[in-house]
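Scroll down for the structure; my scribbles are underneath it.
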């Protein structure tokens with residue numbers, strides 16, 4: 001009997017056994033993912049897609065497919081992010097890998113990527129898989145550079161930071177809207193608006209990490225400092241006075257000491273870096289609103305909804321969109 005003849009029956013038996021006990025196996029495999037899904041979130045991406053659909057008007061069933069794809073990818077990336085960042089809290093509770101272990105959590109995250117891919121044929125457009133692949137590559141490119149800068153202790157420029165964010169954070173926003181555009185009769189390209197929204201989202205997230213009490217409750221105080229991350233205010237602060245190595249030295253320590261982190265936050269404040277964040281966010285908000293207002297033919301209701309979401313992504317209110 002040839003090796004192929006030996007392998008084929010065994011594979012068939014395993015597949016049949018998997019189906020027979022599928023529900024139990026599925027629960028085990030997905031446990032780290034399901035734990036994360038059960039944690040209360042703000043569903044910002046889902047709200048954004050619903051808002052964009054006032055313009056794109058795609059069928060509800062296809063919108064739900066795209067929402068599932070983005071939800072799976074987003075949560076898969078969070079599972080991996082928490083491992084790569086050595087995080088301890090997610091949405092105020094222990095991270096998945098603290099409960100299920102690193103190996104099982106990585107497997108669940110990878111499984112979620114393929115669950116998302118499995119949804120693509122339901123969109124009935126051969127271009128959808130290309131969009132899916134392009135934006136997942138972008139996401140990993142951005143994440144790769146973020147990790148590299150952190151681990152090599154290299155402070156990027158703001159331009160390099162924005163390129164990374166456009167790939168890492170903007171990737172899922174773009175994926176959602178690009179898939180929606182494939183299913184829409186509208187020929188308008190909303191990607192430029194989505195790109196600006198991705199920047200708003202990440203700059204705000206970086207700001208809140210060091211300034212928000214709500215963020216402290218959900219993720220821990222100054223988590224970016226403990227991680228050693230070159231976030232937007234940290235980049236500005238370091239580059240505002242390159243001869244002062246205090247902040248860059250603190251980042252290398254991966255400190256959990258609250259007093260040291262408070263010292264770092266005070267230093268970042270002293271270099272005007274939080275004010276720089278606020279000004280940058282205001283400029284990005286103005287860009288996004290200008291793009292929206294320049295779209296002819298859209299109803300005032302649609303503009304109102306989008307402006308509300310832009311406000312949610314900005315500094316107004318206490319929303320923490322992670």
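Cβ coordinates are placed from backbone N, Cα and C, and glycine is handled just like the others.
Owing to the predicted nature of the structure, the values given are computational and were not obtained by experimental measurement.
Every protein chain considered, the tally of other Cβ atoms within 10 Å of the Cβ of residue 91 (isopentenyl diphosphate binding site) stands at 17. The isopentenyl diphosphate binding site feature in Swiss-Prot is assigned to 42, 45, 74, 91; the stated evidence is similarity to another entry.
Summarising the annotation, Swiss-Prot assigns Mg(2+) 1 binding site to 81, 85. Neighbour list (residue 85 (Mg(2+) 1 binding site), Cβ cut-off 8 Å, at least 6 residues apart, same chain): 223, 227, 229. Following the DSSP three-state reduction, the secondary structure of residue 85 (Mg(2+) 1 binding site) is coil.
Taken from Swiss-Prot, the feature Mg(2+) 2 binding site applies to 81, 85, supported by similarity to another entry.
Per Swiss-Prot, the feature dimethylallyl diphosphate binding site maps to 90, 168, 169, 202, 209, 219, 229; the stated evidence is similarity to another entry. Secondary structure from DSSP puts residue 209 (dimethylallyl diphosphate binding site) in a helix. Counting Cβ atoms from all protein chains shown, residue 209 (dimethylallyl diphosphate binding site) has 25 others lying within 10 Å of its own Cβ.
Sequence annotations record features per position, and here Swiss-Prot assigns Mg(2+) 3 binding site to 205 based on similarity to another entry. The Cβ neighbour count for residue 205 (Mg(2+) 3 binding site), using a 10 Å radius over every protein chain in view, is 21.
Cβ environment of residue 74 (isopentenyl diphosphate binding site): 45, 172 lie under 8 Å away, each six or more residues apart in the same chain.
With the fewest other Cβ atoms inside 10 Å of its Cβ, the least crowded of the binding-site residues 42, 90, 168, 229 in this structure is 42.
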